[in-house]
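*Asks:* Below are the features I grabbed from TrEMBL:
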| type | residues | note |
| --- | --- | --- |
| COMPBIAS | 32-41 | compositional bias 'Low complexity' |
| REGION | 32-72 | region 'Disordered' |
| COMPBIAS | 58-72 | compositional bias 'Low complexity' |
| REPEAT | 233-286 | repeat 'ARM' |
| REPEAT | 377-422 | repeat 'ARM' |
| DOMAIN | 636-708 | domain 'SAM' |
Amino acid sequence: KSTRNYTSLLACAFRKMLGQFAQQGRRATAWAPNPNAPIIPLQSRRGRAATSTPQALSTPGTGPHAPATTGSTATFRSIRSRVVAETVTMNAVNVEQHLLTLSRFLTPGDEEQLELLPAALTATDAIRETVATAVNTKMPGVKNLQTNVVNSGALAPLTALARRGYPEAFEALQILSYRNTHVCQQLVEKGVVDLISNTLNDSSVDLQCAMCFLLTAFAAFADSSHAPMMRAGLVPKLVLLCRTQVGGNAVEMGSRAATLQTRAAAVLRNLAHNQRNHAVLIQAGAVEPLVDIMRSSADPASRINAAVAVACLVGHEEGNPRLQLDEDLVGEMLEVLDAACQGGMKYGIFWTVWKLCQGLASLSVNDKNKEMITAKGGVEILAEVVMGRHHNQETAHRFALSALWNLAFNERSKTVIIETPGLVDSIRNILATSESPKTREVAKGALWTLGLEQDVKSLQEGGGRLVASDGGEVETHTQHVMLSYEWGCQQSVMLIKSELQKAGYMTWMDIDKMSGSTLEAMAKAVEDSAAVLVCVSKRYKESQACRTEAEYAFQQRKKIVPVLMEADYKPTGWLGALMGTRLYFNMSDVRQIPSKMGSLIKELGDAGRINAQHKDTAVRGPSMIVATASDRADSWNVYEVEEWLKRIRCAEYVGTFREHNMDGVALSGLHRMGTDMRFLHETLRSEFGIGVMGHRLRMIEELNKLFG
């Protein structure tokens with residue numbers, strides 16, 4: 001079709017827009033397309049003529065680069081973000097005429113008509129402003145508008161202007177790429193990624209900002225662009241820009257000011273949402289400059305972008321100090337998530353719900369962050385996500401549920417989740433209706449950890465049957481050795497399983513024993529086990545599923561045997577508390593596993609051995625199973641003390657007892673303080689936060705039962 005046909009279609013589209021503006025009470029004037037009408041120049045938003053000399057860009061060998069001006073004190077022109085572009089008066093923009101101007105600037109033979117350069121730049125500004133207005137006001141048909149502009153042939157002249165070094169050309173390409181994967185792909189195919197990579201470091205700050213703005217669109221709206229960006233070597237250059245101090249040379253972005261750091265960090269954040277990019281980002285040193293921005297930037301949007309990127313890259317590392325957030329940042333993140341749920345902008349940006357939830361899911365692994373997220377109303381806002389409808393809803397639900405699952409390991413957060421109206425029912429509804437197996441498993445994990453009787457019973461009743469290695473069903477009274485592990489050490493764990501089977505043990509490992517879903521099968525496997533081998537590693541501690549398995553094994557009072565899968569690793573936090581003073585069996589070197597099995601088999605004894613004669617197995621109940629909790633309370637570890645608090649209906653004080661590192665010895669000391677009852681009451685009230693008299697009396701009575 002001819003350019004005139006496409007521009008006629010555009011004219012119809014803009015007539016419709018004008019009507020919508022009029023309905024909204026905006027000033028609009030109906031107009032008819034006139035191909036002979038003169039170009040109506042726009043006042044440059046930078047306050048200077050649009051025909052000023054740009055910094056020329058060229059591929060290597062085709063022209064010189066202007067010197068970099070990163071440290072210049074010059075006043076840089078405005079770079080409008082996609083969400084804060086000024087609204088232009090619609091009757092001031094004859095879009096059809098501007099598109100025709102661009103088509104005349106670049107002939108079918110790709111020859112540039114330089115005498116039309118000023119008019120082409122004016123047309124570029126006009127098209128960018130018009131499409132930005134449609135995007136910012138959320139007018140219907142934005143994608144059709146973008147597509148019609150692209151189909152008119154505008155990409156070629158805009159790309160030519162970008163190669164000449166005009167920032168407004170990059171901005172126009174960015175707004176055409178906004179949430180439009182097809183346009184992003186076309187631009188990547190035209191070599192725009194390589195153009196930026198070849199010239200980014202040698203460009204002026206305002207041009208670098210415009211380039212990063214376009215790269216953000218590619219990274220955010222077209223996953224297919226990630227591989228070309230990686231191949232072009234952009235990541236190290238973006239990391240370098242994040243480290244660059246632009247000083248007072250801020251780039252205006254509507255309602256907020258941002259430096260070049262902000263633009264570069266936004267690109268890295270969108271790349272970080274894709275796990276396939278993590279190795280390259282981490283190797284390029286992206287984490288440290290992002291942490292610096294997260295902690296020191298004065299711009300909330302920059303801090304949030306950096307925090308989400310860091311969470312995606314290292315958020316699974318529970319003890320990583322770089323993941324420690326301050327209360328202000330947590331509050332800012334939750335504010336933007338709340339705004340995103342309502343479809344509004346915050347700090348001048350339209351945020352994406354699922355991407356923010358992905359960051360929160362990673363950050364909520366950290367126990368201190370759990371407390372802050374809950375205290376700042378995070379549960380209520382995550383409930384908005386779970387109950388609402390959003391772009392990429394399945395993914396948004398999965399990450400929100402993952403965050404809630406993490407929070408549920410904290411007693412205070414668990415209480416808030418349960419008490420939030422409609423939240424638990426919404427999780428149950430997602431479990432019942434979601435078509436995604438991953439989302440259903442996360443929903444099950446959250447419900448299981450919340451521990452409500454009806455959910456636990458329902459999941460237990462739906463548990464999968466156990467299948468023996470030879471394919472036959474395991475009899476319900478047969479107990480096995482369960483191997484609880486994280487997938488990263490699967491091959492080593494499979495060797496341990498093989499050695500146990502040779503020694504006559506019945507084993508269960510989720511790679512080949514499962515019938516039904518993961519959580520139900522796990523619960524059934526724990527309940528039917530004689531012993532649980534906890535394969536300890538850093539990634540085991542960071543896994544929601546592994547924590548759920550280990551804690552359930554402890555609650556079921558199973559014999560827990562720690563097997564160290566990572567040399568020199570010392571578990572801390574919940575895993576360290578659960579392991580306590582138990583003896584570890586070091587299986588970190590796969591070559592030495594067969595020679596070290598003797599000591600492990602000695603520890604297991606007859607637990608789970610097929611040929612062992614347990615005449616009373618069929619008649620004894622679960623209470624007869626070997627317990628991990630010591631007979632003497634003064635030898636309990638911190639985790640066993642926490643379980644005792646739950647049994648005596650004092651679960652709300654688990655957090656304060658953990659903060660005071662209350663193990664069995666400390667608990668015994670607390671009991672001895674009872675010789676001065678007034679002092680004991682004051683200690684429980686002031687140090688442990690037990691303000692209710694009835695709770696203090698109950699705890700003192702239970703301490704007397706333990707220690708006499």
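From the backbone N, Cα and C atoms, a Cβ is placed for every residue, glycine too.
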*Asks:* DSSP on the domain 'SAM' (636-708): how many residues come out helix, how many strand, how many coil?
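*Replies:* Going through the domain 'SAM' (636-708) residue by residue, I get 56 helix, 0 strand, 17 coil.
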*Asks:* For the domain 'SAM' (636-708), what's the model's average pLDDT?
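*Replies:* When the pLDDT values over the domain 'SAM' (636-708) are averaged, the result is 85.
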*Asks:* List the helix, strand and coil residue totals of the repeat 'ARM' (377-422) as derived from DSSP.
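*Replies:* Its residues fall into 34 helix, 0 strand, 12 coil.
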